[in-house]
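Let me begin by presenting the structure, written as structure tokens, before commenting on it.
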Amino acid sequence: MTKRFSFSLNATDGKARTGVISTPRGDIRTPAFMPVGTAATVKAMMPESVAATGADILLGNTYHLMLRPTAERIDRLGGLHKFMNWDKPILTDSGGFQVMSLADLRKLTEKGVTFKSHIDGSKHELTPERSMEIQRLLGSDIVMCFDECPALPADRTRINESMQLSMRWAARSREAFGDRPGHALFGIQQGGLEEDLRAESAQALRDIEFDGYAVGGLAVGEGQEAMFSVLDFAPDQLPTDKPRYLMGVGKPDDIVGAVKRGIDMMDCVLPSRSGRTGQVFTRRGVLNIKNARHMDDPRPLDEQCTCPACSNYSRAYLHHVFRAQEMISGMLLTWHNLHYFQEIMQGMRDAIAVGAFGAWEADFHAQRALGDIAPL
Ligand SMILES: [Zn+2]
């Protein structure tokens, strides 16, 4: 018999929660950070290296994969897990957000969205039903509802209309998803920064019933203060016994602030994308490896970090390979960044489990406030 998808909460500390999402492909420890494997790869990383950083799950992008190599081709080749050699859980987004941010000539109707591919200009349609089909063909373990999300700031009328449309699409997504034991479908709360619209959206989703609930429509340019002000109430509007996922977040302090407010899952391209542009996240904040101050520095990025970049290479070497545009630069810096993000998650899980989240958070902010180590 197929193992069911389930979520168990092991401890709470204030609003912060730690638990385990069980899936047939393995457990996901929460709070969880999901690296983004946009085009069936976490850029510059082998899948086993991603797993070695401590990631229990990755995110795949429906929009990119439906255009290239196509969901049908991935299905013929055995599904996304086999195709990309990742046997742990995969969450796929619905494609809606990236259609809005990347595609050309978008046309939005009640039925769905038509658009032209940013790759070759070919014409495509995404609807709730088509998004569910694509995510099924990919073999995704956690499927996201197809939704629509306006960029912020937007006026209340626009936010409300968009939320209502997304709730109608959520019902159609649920219907099209059907009954798939071992696979989960998450609803996505919308409503911008408006508490009453968020509450209405949460109620609509609870009436439909999902396996988990995402807080959508944030991290779209509203800033951290506005995002936290929504997270002060939005997670509380969602069921306590289901995972809560904040989409597209974020920087380390965004992640910590979200977990503090009751979020269980997050994803972001930041650690991998930054790794390719020379931006490095450490417990003492952000540094840029291309700066000349690192040119003669024999010390690692972070003396306490156990990742391969910090265990075996100096800042001077990492500066050199970045300047020389060697591929190992993106590989090592991405590994370090992903390792650091997972270390934050592990630190929070351990702290919440023993009721010490407040002390952990204070130490997190105190170390960041020190700034990077002084130049030699
Ligand atoms: Zn490191």
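In case you wondered, yes, glycine gets a Cβ from its N, Cα and C as well.
Keep in mind it's a predicted model, so treat the numbers as computed, not measured.
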Given TrEMBL annotates D93, S94, G95, G96, F97, D147, G217 as substrate-binding, which of Q190, Q237, Q279, Q304 belongs to that site as well?
Q190
The Zn(2+) site in TrEMBL includes C305, C307, C310. Which of H183, H336, H365 is also listed there?
H336
Can you tell which of the binding-site residues (G95, G217) has the fewest other C-beta atoms within 10 angstroms of its C-beta?
G95
Using a 10 angstroms cut-off on Cβ to Cβ distances, just flag whichever of S94, Q190 is the loneliest among these binding-site residues.
S94
The region 'RNA binding' (248-254): which same-chain residues, six or more beyond its ends, come within Cβ distance under 8 Å?
97, 218-220, 224, 227, 266-268, 270, 281, 340-341, 344, 364-365, 368
Write out the long-range same-chain contacts of F97 (substrate binding site), meaning residues 6 or more apart in sequence whose Cβ is under 8 Å from its Cβ.
Y63, D147, C149, M247, G248
Under the DSSP assignment, what numbers of helix, strand and coil residues are found in the region 'RNA binding' (248-254)?
3 helix, 0 strand, 4 coil
